[in-house]
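TrEMBL annotations:
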| type | residues | note |
| --- | --- | --- |
| REGION | 1-23 | region 'Disordered' |
| COMPBIAS | 12-23 | compositional bias 'Basic and acidic residues' |
| TRANSMEM | 72-93 | transmembrane segment |
| DOMAIN | 86-336 | domain 'G-protein coupled receptors family 1 profile' |
| TRANSMEM | 105-124 | transmembrane segment |
| TRANSMEM | 144-165 | transmembrane segment |
| TRANSMEM | 186-203 | transmembrane segment |
| TRANSMEM | 242-266 | transmembrane segment |
| TRANSMEM | 287-307 | transmembrane segment |
| TRANSMEM | 319-338 | transmembrane segment |
């Protein structure tokens, strides 16, 4: 019995060792297949990048065909130069003409600054990508580009609302305008728009780049933007997307409603004007402003205020981004200021003065 018990113990030990070996072989096989217990989807995807997370991104170009890329480079280089010259001319005219040192033109000067800075965050890199095969951008570079782009875009949205409020006070309360819109109040409003824009961008940039990136690093846009970057994350994007919807949606909606309500009162006041000439002039000014407001708000809201970045059409997003990111800053000087007789006279005097002094 003792000997039989000893044999049974050895048999059990052999079975246990065999089970351990089988377990070891299975575990090893699972590790090779990337199916080991406790492995996450992100971990598996990270193996594709040799165990590291994404360190750079690849921006999608507007076209890979040389016969298309070079004409696009020339076209956007011209548009960018026209944008800089047009908005720079507005700044020159307002800065050199004492008569234009009023709240309305102070707001226009800030708008011109934004229209110079905003395309400058994306267009130079886009032009570089059109000329070269290197479409990469570093992780930090992508974060900085997104930060300044969202900050400047948000500031412009708030500034458009402030400008609408300024016109509301000027048309509906002309006798109290100088009391309500003082220089101090004007400076506070402008500083508030810049602070709100950069605070809004800080929230979105931190939430976006706190995500884990271990999938494809191909950004389906010609610059780093929130929806296409968030779409690359291998972690939960719920918080980032909710922040875009809640924070971005709230601030954008408040600004848009402020603009809309201001112009409802403006139009109702203009309709009471008896002079046909005065009514036509006021309506013409409002129509131009509303056109730019609707274009900017419409494209920005359509791009950002959507629930799921995975459902976006990359080609459509690039086209819409082109409108509000490149075309609108070029048109703003024409619509807002260059049609203004006072601005054109001031610019003419500034240019003639410089030429004559030389």
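Just so you know, glycine gets a Cβ as well, placed from its N, Cα and C.
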Cβ pairs under 8 Å between the transmembrane segment (242-266) and the transmembrane segment (72-93), at least three: no
Most Cβ pairs under 8 Å with the transmembrane segment (72-93), selected from 105-124, 186-203, 319-338: 319-338
Spatial neighbours of the transmembrane segment (319-338) far in sequence, C-beta under 8 Å, 6+ residues away: 76, 79-80, 82-83, 86-87, 89-90, 93, 108, 111-112, 114-116, 118-119, 122-123, 149, 153, 221-223, 225, 288-289, 291-292, 295-296, 299-300, 302-303, 344
Per-residue pLDDT averaged over the domain 'G-protein coupled receptors family 1 profile' (86-336), given as an integer: 86
